[in-house]
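Student: Under the heading transmembrane segment, TrEMBL lists A:22-42, A:75-93, A:105-123, A:143-162, A:183-201, A:207-223, A:230-248, A:254-275. Annotation source TrEMBL lists region 'Disordered' at A:287-307.
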Amino acid sequence: MIETLEALLLTPLTDYGFMRRALVAGLALSLAVPSLGVFLMLRGMSLMGDAMAHAILPGVALGFLLAGISLPAMSLGGVLSGLVVAGLAGGVSQMTGHREDSAMASFYLISLAAGVLLVSLGGSSVDLTHVLFGSILAVDSGALLLIATVCSVTVLLLALMFRALVVECLDPLFLRGQGVRHGLIHGLFLGLVVLNLTAGFQTLGTLMAVGLMMLPATAARFWSKRLEGLIGLAVLIAMLASTGGLLLSYHFGLPSGPCIILLAGIAYLFSALCGRHHSLLARLRRTATPPESSAEEDQSTSQEGTT
Amino acid sequence: MARLKLEDVQLAQGGRRVLEHLTGSFPDGAITALIGANGAGKSTLIQAIMGLLPPVAGRITCSVPRERRAWLPQQLALDLSFPMSVEELVMTGTWPSHGALAGYCAPHYRKARQIMMRLGISHLAHRPLGELSGGQRQRALLGRTLMQEAELLLLDEPFANVDSETVEVLTDVLRDMADQGTTIIVVLHDLEQLGRLAGCVLLLAGGRGHWSTPQAILERYGKPQGVQTSLPPLDLRGATP
């Protein structure tokens, strides 16, 4: 029994260096990316991550065309094109007064088309698949270093701007009233999103990287009502999905990105069905046992509080 | 000299002129009610005072430092599904002066507890905002401005959608703040509140501002039906017949 478990869980890691590197990369991403996802979700920008992932494509493709499969070139290109799209969308929405999501949708579609065109100009469909869906085989030490650096910077920066982010989600005018420039925090945050999506594309691919960002966050929402709880749980789910997904892809010869994301997706579906808050099960349970009237309780305790 | 002065201020919103030739000063340590019909420019003026909207012409002089200017928006403007507890919201009031990076220390927590006690929301300290009633939320939001030790406080319809007990608590706290020297400007729709709360009135109508007193406003507009038809467009929601 123990031997089978060992063969299933440990041997791939002890025997193959690329599996170890992929695991470390996955865990590092799982530490940073889901926290960004939690904030995206709370800001009502769940689809923004997806748009940004498409936006980095032409940069990645351009890097690929100029330097081949070179992680620094592709990453740099990705970050630049992501920032350009985010900047343009923000600028246009501020200038015209239109909502940012419409500008973002327009620019990311342009960006996506340009990216696909660039890839098909210079490479085969195999290359396109690689860029879109990633490959764990591609994670070498250099890539690992890049991912680890991006994730560390993200965690540190998030800690620094945590309160500002929280206030901006809740009451943006409070922050503006205090003289924090409109869009500063928002811009920094989007910059981090772009950076992390670029870091994730090597293992997961540009499109799949968003999955590790959003799914753990949306799943965690069914379990916790506190921000710290949401972030902690999302990170945990992401780590489990990364590890499990890698092992699945190893044993069954499947692509790693979709495996990881599908596991996170299963976590989301399970949470939606059985989670503690707002899930199907929680709803059924509530209709079965009507809650005691909490309003009356509040009334009496509030009077105690005032006296 | 008053902390907040308007000198021939002209304000525009989206290219449309909203207010012009607005002159006068808001008295320190008093509650000034800002009234006027929907679209008369109340929110525009508040934004300008907060420094979010530069005047097209004229000057707004405010000697209160930024971190002592507090702003309590309408609840609708806030995302109250955000996972944050009452205590955490109240504690955010320390950020402007204390910095968003520094940790909270024991005196902050003590002060937050006192404030929540005064507002009658101690028992809700660890409840998420999303589970509160409108009145309880409004108290928590006022708690944030108390934590901020505001010298200039702007409120946008603080009595909308709150229970009568909360109205009492809010009125008391606001009066106390004014007595301690805070300059308070409150956007009101409800003429009943006007008489009880405000010491001074700025009525916005037809793109101009008219300074007045609550008594004068109530005498002109606060009377029962019939008078309303001959009035300038003033929203009389909630006025007692």
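Just so it is clear, glycine is given a Cβ too, placed from its N, Cα and C backbone atoms.
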Student: Could you check whether the transmembrane segment (A:143-162) packs against the transmembrane segment (A:22-42) - three or more CB pairs closer than 8 Å, residues at least 6 apart in sequence?
Tutor: yes
Student: Please figure out which one of A:22-42, A:183-201, A:207-223, A:230-248, A:254-275 racks up the most CB pairs under 8 Å against the transmembrane segment (A:75-93).
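Tutor: Ranking A:22-42, A:183-201, A:207-223, A:230-248, A:254-275 by Cβ pairs under 8 Å to the transmembrane segment (A:75-93) puts A:183-201 first.
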Student: Where among A:22-42, A:207-223, A:230-248 do we find the most Cβ pairs under 8 Å to the transmembrane segment (A:254-275)?
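Tutor: Highest pair count goes to A:207-223.
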Student: Counting only residues 6 or more past its boundaries, what in the same chain has a CB within less than 8 Å of a CB in the transmembrane segment (A:207-223)?
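Tutor: Non-local partners: 29-30, 33-34, 36-38, 40-41, 46, 49-50, 52-54, 132-134, 193, 196-197, 200-201, 229-231, 233-238, 241-242, 257-258, 260-261, 264-265, 267-268, 270-272, 275-279.
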